[in-house]
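These features come from TrEMBL:
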COMPBIAS  22-38  compositional bias 'Basic and acidic residues'
COMPBIAS  84-93  compositional bias 'Gly residues'
ACT_SITE  D270  active site, charge relay system
ACT_SITE  H311  active site, charge relay system
ACT_SITE  S485  active site, charge relay system
DOMAIN    601-672  domain 'P/Homo B'
DOMAIN    940-984  domain 'PLAC'
Amino acid sequence: MNESTRLWTLTTVSISSVLREGGGERTQIRGGKGEKGVRPRRRELSPPSPLERLAFAALDPERLQPGEPGGARTWLAPGRGRSPAGGGARGGGGCGRGGVLGGRRCCCPGRLDLLCVLALLGGCLLPVCRTRVYTNHWAVKIAGGFPEANRIASKYGFINMGQIGALKDYYHFYHSRTIKRSVLSSRGTHSFISMEPKVEWIQQQVVKRRTKRDYDFSRAQPTYFNDPKWPSMWYMHCSDNTHPCQSDMNIEGAWKRGYTGKNIVVTILDDGIERTHPDLMQNYDALASCDVNGNDLDPMPRYDASNENKHGTRCAGEVAAAANNSHCTVGIAFNAKIGGVRMLDGDVTDMVEAKSVSFNPQHVHIYSASWGPDDDGKTVDGPAPLTRQAFENGVRMGRRGLGSVFVWASGNGGRSKDHCSCDGYTNSIYTISISSTAESGKKPWYLEECSSTLATTYSSGESYDKKIITTDLRQRCTDNHTGTSASAPMAAGIIALALEANPFLTWRDVQHVIVRTSRAGHLNANDWKTNAAGFKVSHLYGFGLMDAEAMVMEAEKWTTVPQQHVCVESTDRQIKTIRPNSAVRSIYKASGPGHLPDLASGTRSQLLANRLFDHSMEGFKNWEFMTIHCWGERATGDWILEVYDTPSQLRNFKTPGKLKEWSLVLYGTSVQPYSPTNEFPKVERVRYTRVEDPTEDYGTEDYAGPCDPECSEVGCDGPGPDHCSDCLHYYYKLKNNTRICVSSCPPGHYHADKKRCRKCAPNCESCFGSHGDQCLSCKYGYFLNEEINSCVTHCPDGSYQDTKKSLCRKCSENCKTCTEFHNCTECRDGLSLQDSQCSITCEDGQYFNGQDCQPCHRLCATCAGAGATGCINCNEGYFMEDGRCVQACSTSYYLDHSSEHGYKSCKKCDASCLTCNGSGFKNCTSCPSGYLLDLGTCQMGAICKDATEESWAEGGFCMLVKKNNLCQRKVLQQLCCKTCTFQG
């Protein structure tokens with residue numbers, strides 16, 4: 001799908017419904033070619049339904065007649081019509097065993113439990129008025145590894161800046177001789193790199209607009225902590241006796257159960273974090289930090305008079321500000337490790353974003369982002385190819401295969417009537433989109449609404465409402481953090497508590513736990529509905545306010561959800577005309593196993609509302625709209641897409657819009673991921689002692705179903721690996737003493753006694769004991785020192801870091817430090833470094849042959865080996881040219897007097913010169929055949945004309961080159977010689 005799209009004229013809409021775990025998870029709609037400002041018509045919502053997340057996607061829209069999205073609204077709803085095949089099991093109806101979707105056999109094996117996730121994939125284009133700005137950085141995919149990438153980079157004048165994040169075979173190339181920022185994509189000899197057989201893909205990087213999602217805009221509390229701002233942190237505790245207390249997020253409840261974020265790593269993707277801040281120093285994690293903008297490892301923000309780059313530091317403090325240090329605030333996960341990726345303080349490109357979201361994915365657990373495309377009510381933009389690939393890699397391979405957790409702020413475009421379904425980051429199935437509410441539970445003025453929002457945390461509201469307290473630049477505090485920017489880090493902190501309670505939660509498990517424990521509470525919205533699976537959901541707040549204590553309780557006893565299945569089905573591609581101020585309906589029938597009854601959920605999701613400022617005349621192309629409102633519902637039945645078109649003044653009222661294509665993508669599971677009961681953890685604010693969980697689904701007296709494969713013959717009292725009476729192989733224990741049976745000890749554990757797996761030291765990936773000197777392999781970012789069996793961040797002198805195997809390996813015996821066994825970087829006393837080798841120090845004019853010092857060749861002043869080819873510098877009367885000593889420089893070389901230590905050398909002339917007296921193209925003394933010498937530069941001969949006469953015409957390519965002052969570029973000057981030399 002396109003990296004940016006526009007949402008008005010919906011040419012074809014292809015709707016993809018996405019099944020999500022247990023019941024349905026998500027649904028996508030993919031839209032294809034559509035015309036004329038088509039938008040979904042808003043209606044009062046019926047109870048939202050969860051499949052987990054539904055993604056609606058409109059595919060391949062053609063160019064339209066001027067159309068206006070501003071007036072159209074789109075709805076998707078599982079219809080109440082009956083299906084001949086019958087219904088599916090909860091969360092699984094869409095694809096049953098032998099079931100058929102859309103007349104074709106379904107791609108999902110077995111009975112598919114759908115968590116209704118709706119994503120509409122529709123094509124959109126950027127506004128015509130916004131000019132692209134190209135940089136002198138490229139992303140290149142090259143087969144053959146790093147050496148091949150270096151070779152190709154050097155051949156075409158690029159510098160290989162290294163691999164892009166964790167994306168294998170993708171490299172960051174930089175070209176110093178192209179314009180840093182230009183409205184034209186670069187053209188030149190370097191562009192022929194795309195013809196290299198090993199180059200599979202190349203993309204010049206474009207600057208992307210990204211906006212931080214905040215706005216500029218004492219209670220009588222028992223002091224748990226000595227941090228001065230703690231009594232005023234209203235969103236963390238709730239005991240103000242001056243007026244009735246509003247609902248909080250039960251963070252203290254999670255703390256009192258022993259969870260504070262220990263061993264969990266959170267990284268803030270933003271403008272940097274002030275790692276020297278007293279509230280952040282204690283928990284700062286260098287392995288979770290880097291500076292993508294500055295291409296180094298230090299995430300410190302750039303300071304200026306306006307403190308512009310305070311955003312990341314503020315977000316970091318919400319997550320992991322240290323407690324009881326008598327300074328400022330307390331973080332939600334105050335024992336978690338916190339890092340920062342500085343990536344917003346410079347040109348933001350696809351490559352910058354991909355590097356950021358894929359930074360150190362085996363070490364970082366949670367990535368928090370409080371930024372996105374402009375919230376101006378007219379932009380449609382999202383992740384480009386590299387970033388989409390980084391998201392997919394993250395959930396597949398991050399956290400040792402459990403999946404990275406991406407938390408995103410839903411957006412601050414409420415005043416502009418923006419809709420977060422036009423933000424491809426919050427609208428992604430891979431991210432957790434977090435909304436905001438004021439202390440009173442009322443809708444903040446900046447809040448956007450959409451069907452992809454999963455849950456809500458607190459933030460600012462009106463000017464008189466309380467705001468968020470956190471760390472600030474220059475080692476200060478602030479009580480003025482605002483917007484959805486403040487909500488996403490809160491959610492990241494709460495998720496860190498849940499991951500501490502159960503570090504084996506997958507990225508999908510985390511979303512399930514949020515859905516099952518969030519609550520509507522006092523949140524004020526007129527569209528709260530209960531879907532067919534029993535979940536209350538809203539376009540403003542998702543499933544409601546997050547509850548930290550309920551989440552850790554749920555995480556403690558959680559069983560991993562079954563494997564995800566995806567069904568992608570296209571509907572009839574017959575073009576449907578949408579008359580102005582009218583609606584068009586398109587119905588897709590999903591069928592499930594024949595023996596199951598029909599389901600009529602009737603859940604409605606508004607995929608897009610009218611955006612008043614969106615006057616683009618383009619349509620949607622490959623854009624996904626996602627809904628989570630069908631989470632947990634069955635997929636069987638009619639899925640109805642309804643598009644309502646309200647023309648704008650910019651378009652002919654008589655010109656109709658068109659729905660050309662849509663597809664439905666359903667994400668879900670083939671079996672029910674958890675008990676269908678609607679009882680979730682109920683938490684009382686005053687109860688902190690451990691009690692028997694009231695939501696236990698199984699009793700020892702009445703369970704007669706199958707046991708987990710890891711249970712021994714003794715039996716079980718439930719279906720999960722935590723219900724075994726005895727384990728077949730091994731087991732480990734959670735913090736609440738729950739025993740989990742496993743086939744082998746998980747990473748970070750070792751087989752201790754009998755069948756029990758015990759934890760290794762924190763830095764060990766595998767071990768033979770619990771102490772720090774009993775490691776067998778190390779976690780990412782650490783290296784095993786085999787002499788002491790410990791995992792260290794820096795190998796001792798005389799050894800080097802083997803990054804592939806995370807080992808400290810010995811250098812050659814003469815090396816003090818090295819990068820490989822024979823590649824010394826520093827020598828032991830009495831030896832000198834020569835060509836990466838440590839040798840006995842010889843006098844000038846001698847070299848070490850491995851046994852003693854020998855004289856250099858007669859032409860050499862200094863040398864590294866025998867013969868004329870071993871010279872480093874040449875004797876008086878000779879000059880170094882391409883590794884050999886010569887008495888005079890060859891043609892196309894010039895004598896360079898600036899060589900170090902007074903030795904002279906012959907350097908090659910610029911490629912445009914035949915002979916020269918210095919470097920660069922302006923120091924030519926003679927020219928190749930067909931060129932004339934003009935003021936030190938070689939120009940084309942007497943016959944000067946453009947490549948084509950059409951190029952010279954007014955408005956042609958060469959005239960654009962001249963008007964944009966690009967004639968000084970050699971390739972363009974030769975291509976447009978006539979135009980460039982024309983006066984006027």
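Placement of Cβ uses the backbone N, Cα and C atoms for every residue, glycine included.
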State the count of C-beta atoms found within 10 angstroms of the C-beta of S485 (active site, charge relay system), not counting that atom itself.
29
Taking 10 A as the limit, how many CB atoms besides its own sit near the CB of H311 (active site, charge relay system)?
25
For D270 (active site, charge relay system), the number of other Cβ atoms found within 10 Å of its own Cβ
30
Could you measure between D270 (active site, charge relay system) and H311 (active site, charge relay system) for me? Cα positions, answer in whole angstrom.
7
Fill in the CA-CA distance, H311 (active site, charge relay system) to S485 (active site, charge relay system), as an integer in Å.
8
Is H311 (active site, charge relay system) helix, strand or coil when read with DSSP?
helix
Where DSSP helix means H, G or I and strand means E or B, what are the helix, strand and coil counts for the domain 'P/Homo B' (601-672)?
0 helix, 34 strand, 38 coil
Model confidence over the domain 'P/Homo B' (601-672), averaged pLDDT:
83
